[in-house]
Amino acid sequence: MASGSSSDAAEPAGPAGRAASAPEAAQAEEDRVKRRRLQCLGFALVGGCDPTMVPSVLRENDWQTQKALSAYFELPENDQGWPRQPPTSFKSEAYVDLTNEDANDTTILEASPSGTPLEDSSTISFITWNIDGLDGCNLPERARGVCSCLALYSPDVVFLQEVIPPYCAYLKKRAASYTIITGNEEGYFTAILLKKGRVKFKSQEIIPFPNTKMMRNLLCVNVSLGGNEFCLMTSHLESTREHSAERIRQLKTVLGKMQEAPDSTTVIFAGDTNLRDQEVIKCGGLPDNVFDAWEFLGKPKHCQYTWDTKANNNLRIPAAYKHRFDRIFFRAEEGHLIPQSLDLVGLEKLDCGRFPSDHWGLLCTLNVVL
């Protein structure tokens with residue numbers, strides 16, 4: 001203990017100290033078990049292998065998913081210990097490939113030889129989406145559904161939440177026209193995808209939320225787009241009504257970080273905030289120079305609710321709830337960034353009878369005024 005009396009320092013060794021630490025130890029062990037179960041599920045989905053065999057290969061590779069996947073796929077073909085399908089179990093006849101293998105496919109931007117943008121830098125587009133990687137049901141088909149949206153809209157930037165390691169590995173393989181920056185490497189996390197040849201990555205920073213119970217943080221990425229400097233941010237703020245106080249603390253951290261960027265830098269935050277409107281009011285509202293894109297556009301009804309259990313039955317919740325959990329905040333020099341449109345994506349059911357996620361994604365287009 002850094003400070004305090006000797007009696008304070010000795011307290012944890014007594015019965016009261018042991019009793020106080022027991023719940024924390026139990027919670028830590030429960031979290032560890034949950035993370036490893038999640039790793040096993042994701043590994044089995046990607047590897048197309050018997051789930052009962054997964055823990056052993058992960059243990060042999062220190063529970064490092066990427067290392068374990070590499071070791072697994074490099075096993076000799078005559079090794080009968082791991083009956084498996086071809087390396088990517090996501091693949092099917094209806095598979096949507098984001099690697100732009102078809103030379104005639106113009107939906108994915110390829111980097112230009114000169115390194116200059118291939119499109120008008122006065123307009124930028126992005127998608128923010130909680131892709132619900134924690135739901136293992138129909139995950140391969142749902143991942144293809146998300147990728148088909150990326151191929152269709154070809155956004156400059158993609159903000160993702162609830163990404164798991166196998167999903168990230170899949171994106172790195174299939175979304176080869178994007179640079180992927182993640183907020184973590186284990187459990188579940190956020191990610192920001194930057195279109196190569198269009199968005200130049202400069203640096204990244206991860207801001208921890210010290211009191212989170214759900215592995216949440218703030219991912220910040222500094223980029224250059226069309227000669228303009230941007231600070232891109234995403235987060236998945238604490239979930240559920242019971243964690244409102246922590247969510248408000250996290251929102252204050254986000255807004256504070258948005259104010260730290262130089263005045264000449266445009267700041268965009270997009271993510272799953274889990275916010276209720278009254279929580280923004282409790283936080284003191286948005287700063288005068290930070291705007292909510294949906295409110296800026298006149299609060300259009302067609303894209304108000306991004307989590308709607310009546311329209312989206314992925315969670316099979318009998319009651320009907322709808323919230324504007326997914327939000328976009330921006331800070332720019334006056335008049336230099338103007339939202340033009342905001343739409344929901346991922347609205348079509350897949351062949352499996354489910355949507356790509358329990359959240360709708362948000363597609364936003366903005367004009368950059370020099």
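Note that the numbers count up from 1, one per residue, in the order the chain is shown.
Cβ coordinates are placed from backbone N, Cα and C, and glycine is handled just like the others.
Features as listed in Swiss-Prot:
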type	residues	note
REGION	1-32	region 'Disordered'
MOD_RES	MET1	N-acetylmethionine
COMPBIAS	9-26	compositional bias 'Low complexity'
MOD_RES	THR99	phosphothreonine
REGION	130-134	region 'Interaction with 5' end of substrate DNA'
BINDING	ASP132, GLU162	Mg(2+) binding site
SITE	TYR188	site 'Interaction with 5' end of substrate DNA'
REGION	236-241	region 'Interaction with 5' end of substrate DNA'
SITE	TRP307	site 'Interaction with 5' end of substrate DNA'
REGION	315-321	region 'Interaction with 5' end of substrate DNA'
SITE	PHE325	site 'Interaction with 5' end of substrate DNA'
SITE	HIS359	site 'Interaction with 5' end of substrate DNA'
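Features as recorded by Swiss-Prot, highlighted on the structure.
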| residue | record | contacts (Cβ under 8 Å, 6+ apart) |
| --- | --- | --- |
| ASP132 | Mg(2+) binding site | ARG142, GLU162, ASN314, SER357, ASP358, HIS359 |
| TYR188 | site 'Interaction with 5' end of substrate DNA' | LEU38, GLY133, LEU134, GLU162, VAL163, ILE164, MET215 |
| TRP307 | site 'Interaction with 5' end of substrate DNA' | TYR321, LYS322, HIS323, ARG324, PHE325, ASP326, ASP358, HIS359, TRP360 |
Long-range environment of the region 'Interaction with 5' end of substrate DNA' (130-134) - Cβ separation under 8 angstroms, sequence gap at least 6:
38, 42, 142-143, 146, 160-164, 167, 188, 236, 272, 314, 325-326, 356-359
Could you break down the residues of the region 'Interaction with 5' end of substrate DNA' (130-134) into DSSP helix, strand and coil, giving a count for each?
0 helix, 1 strand, 4 coil
Neighbour tally for GLU162 (Mg(2+) binding site), based on other Cβ positions within 10 Å of its Cβ:
21
Report the DSSP secondary-structure composition of the region 'Interaction with 5' end of substrate DNA' (315-321) as helix, strand and coil residue counts.
0 helix, 0 strand, 7 coil
PHE325, HIS359: which of these recorded sites has the highest Cβ count within 10 Å of its own Cβ?
HIS359
What average pLDDT is reported by the model for the region 'Interaction with 5' end of substrate DNA' (236-241)?
95
Quick check on the region 'Interaction with 5' end of substrate DNA' (236-241): DSSP residue counts for helix, strand, coil, in that order please.
1 helix, 1 strand, 4 coil
For the region 'Interaction with 5' end of substrate DNA' (315-321), find every same-chain residue at least 6 residues outside the stretch whose CB is under 8 Å from a CB in it, and list them.
307-309, 358
